[in-house]
Amino acid sequence: MPKRTDLKSVLVIGSGPIVIGQAAEFDYSGTQALRVLKEEGLRVILVNSNPATIMTDPEFADATYIEPITPEVVEKIIAKERPDAVLPTLGGQTALNTAIALDKNGVLEKYNVELIGANIAAIELGEDREKFKGVVERCGAESARSHIIHTMDEALEAAKDLGYPMVVRPSFTMGGLGSGLAYNEDDLRRIVGQGLQYSPTSEVLLEESILGWKEYELEMMRDKNDNVVVVCSIENFDPVGVHTGDSITVAPALTLTDREYQKLRDVSIAVIREVGVDTGGCNIQFAIDPATGRVVVIEMNPRVSRSSALASKATGFAIAKIATKLSLGYTLDEIPNDITQKTPASFEPTLDYVVVKVPRFAFEKFPAADNTLTTTMKSVGEAMAMGRNFTEALQKALRSLEQKGSQLDFSSVPEYEVAELIEKAKRPTTDRLYQVQRALLGGATVEQLFEATKIDPWFLDQLELLNEVSREIRQAGALTTDMLQRAKRHGFSDEQIGALTHNSEAVVRGVRQALGIRPVYKTVDTCAAEFAAYTPYHYSAYDEEDEVALHSKPSILILGSGPNRIGQGIEFDYSCVHASMALRKAGYETVMVNCNPETVSTDYDVSTRLYFEPLTLEDVLEVIAAEERTGGVMGVFVQLGGQTPLKLAQQLADAGVPILGTSPEAIDLAEHRGAFSRVLDKAGLVSPKNGTAVSFEDAKKIADEIGYPVLVRPSYVLGGRGMEIVYDEPNLSRYIANATEITPDHPVLIDRFLEDAVEIDVDALFDGTDMYLGGIMEHIEEAGIHSGDSACVLPPITLGSNVVERVRTATRAIAEGVGVRGLINIQFALASDVLYVLEANPRASRTVPFVSKATGVQMAKAAALIGTGVTINQLRTAYKMLPETGDGSTLPLDAPVAVKEAVLPFSRFRTPEGKVVDSLLGPEMRSTGEVMGIDKHFDTAFAKSQAGANNALPTEGKVFVSVANRDKRSVIMGVKRLSDLGFEIVSTGGTADVLRRNGIAATPVRKVAEGSSAEGEGTIADLVVAGEIDMVFNTPSGGEARSDGYELRAAATSIGIPCITTVAEFNAAVQAIEAMRTYEWSVTSLQEHAAALGESQKAAAAKADLQHA
């Protein structure tokens, strides 16, 4: 059936900020969907609060709303835009829950809007655990024995039937939030309590434990003519009990017998029909008992999910794109496969390779958190690799994680350690794979480890095989052709072979290349080479036949940013994608190298060619060699993907690879303290007093000279890893003792910490002659909080025009002194009217997408062209990529105000005792994503940013205030304002006295440390947990009060109420609350903002010309 003709406009709901469990994969699916809708001639309206996404680029939709994704706001957009339909299946759980709410509230009916891509009945059947159980039974399949409960008493009753351990899963949550394993009644009370709170319907499922069973999922699609395809089967390396997002996963499933696979297929097809998904994709998860072969259906997601992004990248079958076409009325047999251009989408993909996905964790950011893996997802990113066999794909995937110790270690294992390793491996943690492999290497048997871990014996055999190959390498003596070929076919890196043969990586590489042992590149074509592929999408293998086609002109390589992690996320992928788009438009062939399956950059049609490879020196050099042999390389961009490719810049240049844009020497100069301070001296600029130390004696001497507090950090890090503010000598000695690897090459940097300074962030472009200043951001939190976690506002709201002018001059002097060609990000601090330079990064920064969205200028595209020799003047005139006059520092007074707010993952991480980790901000970055609020005025923009970050401010109720002595004076005005607005103020001891003396009625409550009174009056933490407080404002002080504050903040985080920890943010919140009480919110699209901005810039230019004349 051809597509429907009655739909003229569609509203797509995005997934909002990147959080654990809902990450970049939804930008990838959303971008594909928007492209399809536009190609089909529809008017496209988008709402998404995350500015770091490609899908919110104005060219992808006709009206792009960067607004909070709440039913109230989406209703405003529907009222204004009047779409014919809403497509909610591409924005994860956020979009689905919003669509369900709009349907329940009667909004869809009121405006006569249809839901496409999924119907409410199918969502309810798939997501509501009680109803889904019925579906499975009607299909003649089994689900685990279970009870649905809504209260704690019901839970305790159900426990009598099910017995411990049991699995607890709330309904309608994402990434396993609020779920867990209860081994006893205490666990049950704790987990069910959280689950009832996180589930929007206060419904929780308790089910029998199927711990240790094998877990699989099938990715399916169905159209309205009842054609069903199974796109991909995925198997989890870890047994049931570890969330699939935290497990190593393998596609296709490798340990199923043919009969078992057919059974899973039959059940899946019956389930998708019974649920009624008929215009899109879904995934279904199964567990199989290894002892009896009993099959149980775990759950299904009636939408595009994390697994569908993985399945798309693993097979080349564009699930999101095809799901969108199905929602418009097409059927699978009418949709062509992009890669082969001959087969329709009703052909199931066939794989002649193995795909392995490995999660990337960030426990180093939360030292107090427990690294046991459970049914609540904790990983922040993932890497994927492909190989001709499992061992090769696994080793490549581990190498792609880029974490110290992420590659398998084959050094010998003493006998006494084996028993300890087996014992440790019983508990699933981030280290389990390594413990299992080391135990096998030390002589443990496959049986022993299967007993301990329930990991399928086939996988354990594969690890044993890797250990065998490592022994052969060690015993070979010399680097022979046979040995190297065997090692390479099992995925060993030159570095690993070097360690086993006592050679350097460079020597191994030299010998290997001299012997002619080089990888070839195979193609992902969805059909195991049955038809030719038109979209070159490659992976390396040590095989016979190379499939890279000849190209007529030299290519430009863009090195991506690898797996997402805290400090290096989707913002860097955004710059890589923009560079590829701009360079292709300018007529270049672009080649993307990356290993992150979630992102837009690894979509097969973003660049001319895609290599799905680890970003290590060895792998990148081989890709460059493959490009050289087939048509030449013009150069490589290393400054778009964050720290990952930057680290390779010097080694690539040493290997004779041309680096485009800023040179490796300039990159080094900005990182090198001494050289950089000479640039500042020459320009007459100052930085906070600082020094570098390689020992505690050095550090003590420097700290005494510059005075405490000091900021200490290792050199060459991103996201403030290992950074700390140190207030005295004992803490300094503790920091140095814990700092790993302080060497003369990697000293510790010590800076004077500027208290009460305003931090300023600048993104600019420089071409060697001219500068274009993209934007000046003023941080809302004071200095000392990592720039990635601080809220910031553009244009700046409290900086005078003379400060802006000084920032401009300083930015230009630094860009020129460093020798930047392209993007540079500089952080300044303004203290007592002195402008200090904190640091300069000659690369794309994490604020580039935000600045681009706020000012309507796509800076990463401009930077890519500057790297190929285009000047800023040409970008203003010929390319029309930059405004003809002025820049981001000369925005007119009526320009919209944009606020960027960080989104933090504290509710996911718990200490071993089950408490939430502390939500205090500091110099080490902890946020996973960001949102943007944009409006005519700062107060409303700030309110929108808080709502978008799931931290909506209250407009009435009780506010708890307790601040450190140093802050008491500065909060009186704000608290008085809240009191005047009718809020009830609640406070402890000292703060309450100060407030009362200033005429503010404050109700006193007990501190956490005081405990409950004899009369049973609870503490402030008890009030928060009981839901009696609407907002917490608590600034930390030292010692006991610190733990008091922690208990309080943990209570606020676990119940999900706003918890403010800095004075500056509190004052902004008071302004925002007042604005919310006074004005109605309006919604404005980026396209409307850009048009208005253009008008006022023209008017300003005309006025300036008149004055000249």
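Glycine is treated like the rest: Cβ placed from N, Cα and C.
Among the features that Swiss-Prot reports, region 'Carboxyphosphate synthetic domain' is placed at 1-402. Summarising the annotation, Swiss-Prot assigns ATP 1 binding site to Arg129, Arg169, Gly175, Gly176, Glu208, Ile210, Glu215, Gly241, Val242, His243, Gln285, Glu299. What Swiss-Prot records for 133-328 is domain 'ATP-grasp 1', and it gives sequence analysis as the kind of evidence. Annotation source Swiss-Prot lists Mg(2+) 1 binding site at Gln285, Glu299, citing sequence analysis. The annotation Mn(2+) 1 binding site is assigned in Swiss-Prot to Gln285, Glu299 on the grounds of sequence analysis. The Mn(2+) 2 binding site annotation in Swiss-Prot covers Glu299, Asn301 and is backed by sequence analysis. Feature annotation from Swiss-Prot assigns Mg(2+) 2 binding site to Glu299, Asn301. Taken from Swiss-Prot, the feature region 'Oligomerization domain' applies to 403-546, supported by sequence analysis. Among the features that Swiss-Prot reports, region 'Carbamoyl phosphate synthetic domain' is placed at 547-950, with the record citing sequence analysis. Residues or ranges marked as domain 'ATP-grasp 2' by Swiss-Prot: 677-868. If you look up Swiss-Prot, you'll see Arg713, Arg752, Leu754, Glu759, Gly784, Ile785, His786, Ser787, Gln827, Glu839 marked as ATP 2 binding site. The Mg(2+) 3 binding site annotation in Swiss-Prot covers Gln827, Glu839. Sequence annotations record features per position, and here Swiss-Prot assigns Mn(2+) 3 binding site to Gln827, Glu839 based on sequence analysis. Look at Swiss-Prot and you will find Glu839, Asn841 tagged as Mn(2+) 4 binding site, backed by sequence analysis. According to Swiss-Prot, the feature Mg(2+) 4 binding site maps to Glu839, Asn841. What Swiss-Prot lists as domain 'MGS-like' is 951-1096, and the listing cites sequence analysis. Annotated region 'Allosteric domain' per Swiss-Prot: 951-1109, in sequence order.
On the structure: features taken from Swiss-Prot.
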residue : record                : DSSP class
Arg129  : ATP 1 binding site    : helix
Glu208  : ATP 1 binding site    : strand
Gln285  : ATP 1 binding site    : strand
Glu299  : Mg(2+) 1 binding site : strand
Arg713  : ATP 2 binding site    : strand
Leu754  : ATP 2 binding site    : coil
Gln827  : ATP 2 binding site    : strand
Glu839  : Mg(2+) 3 binding site : strand
Which number gives the other C-beta atoms within 10 angstroms of the C-beta of Glu299 (Mg(2+) 1 binding site), all protein chains shown included? 17
Please tell me which one of the binding-site residues listed here (Asn301, Leu754, His786, Asn841) sits closest to Gln285 (ATP 1 binding site), measuring Cα to Cα? Asn301
How many neighbouring Cβ atoms, not counting its own, are there within 10 Å of the Cβ of Glu839 (Mg(2+) 3 binding site)? 15
Counting distance between Cα atoms, which of the binding-site residues Arg129, Glu208, Glu215, Val242, Leu754 is nearest Asn301 (Mn(2+) 2 binding site)? Arg129
Neighbourhood of Val242 (ATP 1 binding site) by C-beta distance under 8 A, where only residues 6 or more apart in the same chain count: Asn236, Leu373, Thr374, Thr375, Pro428
Under 8 Å Cβ to Cβ from Asn841 (Mn(2+) 4 binding site), same chain, six or more residues apart: give me those in sequence order, or none if nothing qualifies. Ala670, Ile824, Asn825, Ile826
Non-local Cβ contacts of Gln827 (ATP 2 binding site) (under 8 Å, 6 or more apart, same chain)? Glu759, Ile760, Asp761, Val762, Ser787, Val837, Leu838, Glu839, Ala840
Which of the binding-site residues Arg129, Glu208, Glu215, Arg713, His786 has its Cα closest in space to the Cα of Glu299 (Mg(2+) 1 binding site)? Arg129
Quick one: of the binding-site residues Arg713, Leu754, His786, which has its CA closest to the CA of Glu208 (ATP 1 binding site)? His786
Cα distance (Å, whole number) from Arg129 (ATP 1 binding site) to His786 (ATP 2 binding site): 41
Please report the distance from the Cα of Arg129 (ATP 1 binding site) to the Cα of Leu754 (ATP 2 binding site), rounded to the nearest angstrom. 53
Between the binding-site residues Glu208, Glu215, where is the Cβ count within 10 Å the lowest? Glu208
In the structure shown, which of the binding-site residues Gln285, Asn301 has the fewest Cβ neighbours within 10 Å? Gln285
Give me the mean pLDDT over the region 'Carbamoyl phosphate synthetic domain' (547-950), rounded to a whole number. 88
How does the region 'Oligomerization domain' (403-546) divide up by DSSP, counting helix, then strand, then coil residues? 75 helix, 11 strand, 58 coil
Please report the Cα separation of Leu754 (ATP 2 binding site) and Glu215 (ATP 1 binding site) in Å, rounded to an integer. 52
Distance check, please: Cα of Arg713 (ATP 2 binding site) against Cα of Glu215 (ATP 1 binding site), rounded to an integer number of angstrom. 42
How does the domain 'MGS-like' (951-1096) divide up by DSSP, counting helix, then strand, then coil residues? 75 helix, 20 strand, 51 coil
